[in-house]
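Copied from Swiss-Prot, the annotated features are:
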- Ser70, Thr71, Arg72, Thr73, Gln97, Arg121, His148, Pro149, Thr150, Gln151, Cys286, Leu287, Arg331: carbamoyl phosphate binding site (BINDING)
- Asn180, Asp244, Ser248, Met249: L-ornithine binding site (BINDING)
Amino acid sequence: MEQKLGNLVKKNVVNSVFQGRSLLAEKDFTPMELEYLIDFALHLKALKKLGISHRYLEGKNIALLFEKTSTRTRSAFTTASIDLGAHPEFLGSNDIQLGKKESVEDTARVLGSMFDGIEFRGFKQSVVDDLARYSGVPVWNGLTDEWHPTQMLADFMTIKENFGHIKNINLSYMGDGRNNTANSLLITGSMLGANIRIVSPKELQPSEKTTELAKKFAEKSGSRFLITDNIDEGVSKTNVLYTDVWVSMGESDWEDRVKLLKPYQVNMETIRKTSTPDDQLIFMHCLPAFHDINTDYGHEIFEKYGIKEMEVTDEVFRSIYARQFEEAENRMHSIKAIMAATLGNLFIPHV
């Protein structure tokens, strides 16, 4: 009897949709699976607000690997782990030697023997891929130079909260169209049926490889995407104006980037160009944002280039359209959903 029960448990674990899987890029999951995770995140957010316990990771140990510094990702994974009953352990760039003094494979095998799940935030996509390949435990991509999948769950969760649906929503991303956020928005939106516009100068538009992948997903979902340097065309009748920092972590070409992207700043004129009613338009930003000179970076840019605001003006950042802090909070709830689904004591047979 015990043997039969054990076999049944093993069979169920194997057949559970999410159990043991890693989230390395959005394309690792089907559109229906992403929609399920978004709805699960909304459910977990409701439980959190009601003070209802949801400790699906009781007794689990989670390694948080950070080559790149972070406020939101670290805070979200830490609080999500604790709420779920797990113990998070932070390992910063001075604690891990990925590919330097120890190979990624060796590190993965060691961490996999001690931890039940691993989050990685860093530079190379190959590192998070290898952590998943060799650790034997679920691995979650907190950000790489190519993709930002945990951000996407929070972003599209925020969109669904505000509009009640994702399909046919128009989202215009303004800025560096080659960075991880732009890549992930284009792919995720195309998977989920949202119409994504990447509004960037020609020098900073997505790669052909990324657009070809988006095209395949868009054909299946019925969504439409647009890559353009024409701001008027890119923001017309949009529902979501989205932007990101002009220079990503690890980059240093501020002067060229400021010159290229200054026309693509999200300001009140951009809002007017959308011609979208106020109740059908929101602004989003994955943060941090340079909307004033109250930071060292902001002050430095002002001293060098004479601009007090970069990718978004302070007026828009503090306007009725702004949802960036709601979006930031949703990092915790959506990360909680992916951790619980892939590692928790849940059985999800299908979606």
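Yeah, the Cβs are placed from backbone N, Cα and C, and that goes for glycine too.
Fair warning: this is a prediction, and the values are worked out from it, not measured in the lab.
Here the features listed in Swiss-Prot are placed on the structure.
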residue: Ser70; record: carbamoyl phosphate binding site; Cβ contacts under 8 Å, 6 or more apart: Arg121, Gly142, Leu143
residue: Arg72; record: carbamoyl phosphate binding site; Cβ contacts under 8 Å, 6 or more apart: Cys286, Leu287, Ala328, Arg331
residue: Gln97; record: carbamoyl phosphate binding site; Cβ contacts under 8 Å, 6 or more apart: Thr107
residue: His148; record: carbamoyl phosphate binding site; Cβ contacts under 8 Å, 6 or more apart: Asn141, Asn180, Thr181, Asn183, Ser184, Cys286
residue: Thr150; record: carbamoyl phosphate binding site; Cβ contacts under 8 Å, 6 or more apart: Leu23, Thr73, Ala76, Trp140, Asn141, Gly142, Leu143, Arg331, Ser334, Ile335, Ile338
residue: Asp244; record: L-ornithine binding site; Cβ contacts under 8 Å, 6 or more apart: Tyr173, Gly175, Asp176, Asn179, Thr181, Ala182, His285, Cys286, Glu311
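Counting other Cβ atoms within 10 Å of each Cβ, the lowest count among the binding-site residues Asn180, Cys286, Arg331 belongs to Asn180. Among the record's carbamoyl phosphate binders, Ser70, Thr71, Arg72, Thr73, Gln97, Arg121, His148, Pro149, Thr150, Gln151, Cys286, Leu287, Arg331, no two C-alpha atoms are more than 28 Å apart, and one pair sits at exactly that spread. Under the DSSP three-state reduction, Thr150 (carbamoyl phosphate binding site) is assigned to helix.
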